């Protein structure tokens, strides 16, 4: 990345992530809080991966997509939280230019993937509820791989283009990033370049990444709800909707946070507000996703109970 730093024509080699430095008395409590969240997030998502891999009953398209989501959430947290934890512990909030650009690239990549992956999961639930007789033949292994690969490749390409544009910006004297990680808007505020083009291109790319998957997801759940309401028995309606309620909660949490952070007017007095909701979708959401899927899903709870019984049986 040294060649990249030279191409910036700035001489700046690092930024300062202000993060939560304005709360000096809360550094230790915040460190402990985020450490617990990070450990629980990684443990919960890895547990989901292990359960899906170890239990044959979970070798279905829905859990294949869930495994991808758990892998994504683990990488998500590991991209942001270790640096944040280190800043709480040492007080050093510096981040090198190359590390900042790398962090943003991975972050944007994973956000893009999650948008498409949630849309794929909604399509899977639509087929399961609305087209149950055709579900197995349509959502076959080949299609699962293709849809998942498409989500990861699309996220990579969008993040690559945006990051490439960011690498062309000139950074002068302002090296303080008023955020706890290298997000797009706080970083370009430090630039001395004309940011109109990159903001326009990024807005277009972001709209491409988020709007179609969001609309597709909403449309899928409208069709699902319509079909569920046509089921005559209350038990049948409850059973049909229970298969997608967990995913609907995850989608709602994710997009609500994104909308609050990125679609509200960009005003300086919203900085603290944006930090709060950035914590929500970068830190809290990866934590609650495995909890939602495990606590609300009988198959996952059953698989977990089975593995615990098998483990306890080794010591009898």
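Cβ from N, Cα, C; glycine included.
Note that the structure is a prediction, hence the values are computed from the model and not measured.
Under the heading transmembrane segment, TrEMBL lists 30-54, 61-81, 101-123, 143-171, 204-224, 245-264, 276-295. Residues or ranges marked as domain 'G-protein coupled receptors family 1 profile' by TrEMBL: 44-293.
Panel annotation: around the transmembrane segment (30-54), residues 20, 23, 63-64, 66-67, 70-71, 73-74, 77-78, 81-82, 84-85, 88-89, 283-284, 286-287, 289-291, 293-294, 300, 303-304, 307 of the same chain, lying at least six beyond its termini, place a Cβ under 8 Å from a Cβ of the stretch. Stretch with the most C-beta contacts under 8 angstroms to the transmembrane segment (204-224), considering only 61-81, 101-123, 143-171, 245-264, 276-295: 101-123. Residues 4, 7-10, 12, 61, 64-65, 68, 97, 101, 104-106, 108-117, 119-120, 123, 184, 187-188, 190-193, 195, 197-198, 201-202, 205-206, 208-209 of the same chain sit 6 or more residues outside the transmembrane segment (143-171) yet have a Cβ under 8 Å from a Cβ within it. Sequence-distant neighbours of the transmembrane segment (101-123) (same chain, 6+ residues past either end, Cβ-Cβ under 8 Å): 1, 4, 62, 65-66, 68-69, 72, 75-76, 79-80, 83, 95, 147-148, 150-152, 154-156, 158-160, 162-163, 166-167, 181-184, 187, 209-210, 212-214, 216-217, 220-221, 244, 247, 250-251, 254, 258, 282. In the predicted model, the domain 'G-protein coupled receptors family 1 profile' (44-293) shows an average pLDDT of 86.
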